[in-house]
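Engineer: Straight from TrEMBL, here's the annotation block:
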{"type": "COMPBIAS", "residues": "64-73", "note": "compositional bias 'Basic and acidic residues'"}
{"type": "COMPBIAS", "residues": "74-85", "note": "compositional bias 'Acidic residues'"}
{"type": "COMPBIAS", "residues": "113-122", "note": "compositional bias 'Basic and acidic residues'"}
{"type": "COMPBIAS", "residues": "125-134", "note": "compositional bias 'Acidic residues'"}
{"type": "COMPBIAS", "residues": "146-171", "note": "compositional bias 'Acidic residues'"}
{"type": "DOMAIN", "residues": "1-84", "note": "domain 'CCD97-like C-terminal'"}
{"type": "DOMAIN", "residues": "88-150", "note": "domain 'CCD97-like C-terminal'"}
{"type": "REGION", "residues": "62-97", "note": "region 'Disordered'"}
{"type": "REGION", "residues": "113-171", "note": "region 'Disordered'"}
Amino acid sequence: MRIREPLLYEQYIGQFLTDEEVLERSQEAMLDGAQEGQAGGGGSCGLANLLLNSYQERLIQNRLQEEQDREDGAQEEDEDDEDDGVQQRGWEPTAEEKALLREEFISQMHQRFLDGKDKDFNYSEVDDNPDYDNLDIVSRDAEDKYFDEDDDEDEEEEEMEKDDDEENMAQ
C-alpha cells in the first residue's frame with residue numbers, strides 16, 4: 001500500500017515512525033530479499049533482491065516527492081484564501097492513535113481499490129472474467145429473466161384473448 005500511495009502512507013503512518021521503526025522497516029525489506037535469495041538457491045539472488053529493494057525504495061521516494069510537491073502547490077493556493085492548512089509539528093500520537101491512523105489508512109486504501117481508483121491494477125481482467133462471477137447472483141438473474149419472460153408471454157396471451165373477446169362482441 002505504501003508503494004501505491006506513498007503520500008497517503010506518509011500522512012497517516014510514515015511521518016510518525018521513529019528512527020528505529022524506519023530502520024527496522026528497511027532491515028525487514030533486506031531480510032525478505034535475502035530469504036528469497038536463499039530460497040532460490042544462490043547468493044546472487046540476495047544481492048539482486050537487495051538492489052531491487054533499493055531501486056523500489058528510490059521509486060517510492062521519488063513518487064512521494066512528486067506528490068508532496070503537487071500538494072504543496074495546491075496548499076499555497078489555499079493559503080491565500082485561509083490559514084487553516086498549518087499542521088501541528090509538535091504533536092506525537094500515542095500507540096493507540098497510531099493504530100487508529102493505520103486502520104484508517106488501510107480502510108481508505110481498501111475503499112480506493114473497491115472504487116476502481118488503483119492505477120496499478122487492471123480492473124477489466126476481473127470485471128470481464130466470468131470465473132470470478134458470483135454464481136448465486138448469476139443463477140438468480142437467470143431465474144428472474146426466465147420468469148420475467150414467462151410473465152411477458154402471459155400478458156401477451158391475456159391481451160390477445162381480450163382482443164378476441166372484443167372482436168366477438170363487436171360481431
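In case you wondered, yes, glycine gets a Cβ from its N, Cα and C as well.
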Engineer: Provide the three-state DSSP residue tally for the compositional bias 'Basic and acidic residues' (64-73): helix first, then strand, then coil.
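Structural biologist: Secondary-structure composition of the compositional bias 'Basic and acidic residues' (64-73): 10 helix, 0 strand, 0 coil.
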Engineer: Can you count helix, strand and coil residues in the compositional bias 'Acidic residues' (125-134) using DSSP?
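Structural biologist: Split into helix, strand and coil, the compositional bias 'Acidic residues' (125-134) gives 6 helix, 0 strand, 4 coil.
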Engineer: Could you please provide the mean pLDDT value for the domain 'CCD97-like C-terminal' (1-84)?
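Structural biologist: A mean pLDDT of 74 is what the predicted model shows over the domain 'CCD97-like C-terminal' (1-84).
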